[in-house]
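Inspection log for the structure reproduced underneath, given as structure tokens.
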Amino acid sequence: MLSLTITERLARARSDLRLGLPVAITGERTVLVAAVEALGPDRLEQMRALGPLVLAITPRRAETLKARAYDGDVARIAVGTAPLSWLTAAADPAGDLASPMKGPFETLRGGDAAAHRVGVALAKTAQLLPAIVAVEAASCEGLTTLPAAAALDALAREPLLAPVVSARLPMAASEAGRVHIFRPEDDTAEHYAIEIGRPDRDAPVLARLHSACFTGDVLGSLKCDCGPQLRAALAEMGAQGAGVLLYLNQEGRGIGLANKMRAYALQDQGFDTVEANHRLGFEDDERDFRIGAGILREMGFGAVRLLTNNPAKIRMMETHGVKVVERVPLKVGQTAQNAGYLATKALKSGHLL
Ligand SMILES: Nc1nc2c(ncn2[C@@H]2O[C@H](COP(=O)(O)OP(=O)(O)OP(=O)(O)O)[C@@H](O)[C@H]2O)c(=O)[nH]1
Ligand SMILES: [Zn+2]
């Protein structure tokens, strides 16, 4: 028989959660977990028939709901006989203002929260709302199984990426362009490196770590500065004759496009970019910058002149083996509509103005 690696199990588990299927987390006991966002009413009742249901959310979401988180990075709430609409309202902040949650919530303490922790972390990496419903089960036939401890370990590990292919791409910014594709072994999103010219591997390269922004890069959104930053970075590399731009598919600072649009809807209710992420249950920035550092190292770049206004990116590169010899400011694309967004990033996330 083939035995599956933990990485393969995690990849399957992510798909299962997105399909609305429970995943079995094994340890001292077996706990089935399913993503609230993807769960249908029938499946919820099937799970309820197995035993008392528990809702697990992040401390960020718990704070908004005024529920206590006793397990550090996860909060567990008894579900009782509550219907799916109650779970959805707890998971999704869209209706927080229109129908404030009443509570009080029966928050659980003691016992083992490892399965709940794995479930919430998995939901995040599946780019779903970080809220899962859990129930102990005697059997888990037909379901993807994940040993809790090994899963937590693997989720924290640096993602391994393999180069897949590269090809020449003449661009407006430079005719000497080349696109490289990198594929993570855990079947999460592929990332791209755009190499301009033939940068010397022995000298610091002009580099930009760009995080995907569908709304800014493609649609010309006025809510952020991503599109102009992308084009200005490529233009600067073209003008200097060499550079490398990583296009990292970490949309919405790692929460995915659907969650970013949820954040935008909250921003229309008056919350800023950081508050919106927190209400959804995410940290302000969920990106894993080890991916960017890993690609640069893989391409032979050990030192960079980094185009950024974000000191956290500089720290992350330095921590993960890429020396930042210079920060090159990248200030373009200010609009009336993104002034508040940029001010919040400066105030709350430490961006340099
Ligand atoms: N969650 C969330 N993501 C956003 C929002 N606005 C833009 N983004 C995302 O933020 C990311 C922008 O990242 P970067 O361009 O690397 O910007 P940065 O981290 O501010 O750093 P520098 O531009 O290098 O100074 C993209 O993934 C966007 O999709 C928002 O309001 N909420
Ligand atoms: Zn953007």
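From the backbone N, Cα and C atoms, a Cβ is placed for every residue, glycine too.
Caution: TrEMBL annotation is automatic and unverified by curators.
Lifted from TrEMBL, the feature list:
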- 165-329: domain 'GTP cyclohydrolase II' (DOMAIN)
- Arg208, Leu209, His210, Ser211, Ala212, Gln229, Glu251, Gly252, Arg253, Thr273, Thr308, Lys313: GTP binding site (BINDING)
- Asp285: active site, proton acceptor (ACT_SITE)
- Arg287: active site, nucleophile (ACT_SITE)
Ala212 (GTP binding site), DSSP three-state class -> coil
Comparing local Cβ density (other Cβ atoms within 10 Å) for the recorded positions Arg208, His210, Arg253, Arg287 points to Arg208
What is the total of other Cβ atoms whose distance to the Cβ of Asp285 (active site, proton acceptor) is within 10 Å? 18
Note down the number of other Cβ atoms within 10 Å of the Cβ of Glu251 (GTP binding site), including every protein chain shown. 21
Sorry to bug you, but what's the C-alpha spacing from Arg287 (active site, nucleophile) to Glu251 (GTP binding site), rounded to the closest Å? 9
Given the binding-site residues Arg208, His210, Ala212, Arg253, Thr308, state which is nearest to Arg287 (active site, nucleophile) when distance is taken between Cα atoms. Arg253
Say you check the Cα of the residue listed as 'active site, proton acceptor' against those of the binding-site residues His210, Ala212, Arg253, Thr308; which is nearest? Arg253
Excluding its own, the Cβ atoms lying within 10 Å of the Cβ of Ala212 (GTP binding site) add up to 21
Rounded to a whole angstrom, what is the largest C-alpha distance between any two of the residues Arg208, Leu209, His210, Ser211, Ala212, Gln229, Glu251, Gly252, Arg253, Thr273, Thr308, Lys313 that the record assigns to GTP? 22
Please check each of the recorded positions Glu251, Arg253, Asp285, Arg287, Thr308 and report the ones with a CB atom less than 6 Å from an atom of ligand 1, ordered along the sequence. Glu251, Arg253, Thr308
For a quick check of packing: other C-beta atoms within 10 Å of the C-beta of Thr308 (GTP binding site), how many? 23
Under DSSP, is Arg253 (GTP binding site) helix, strand or coil? helix
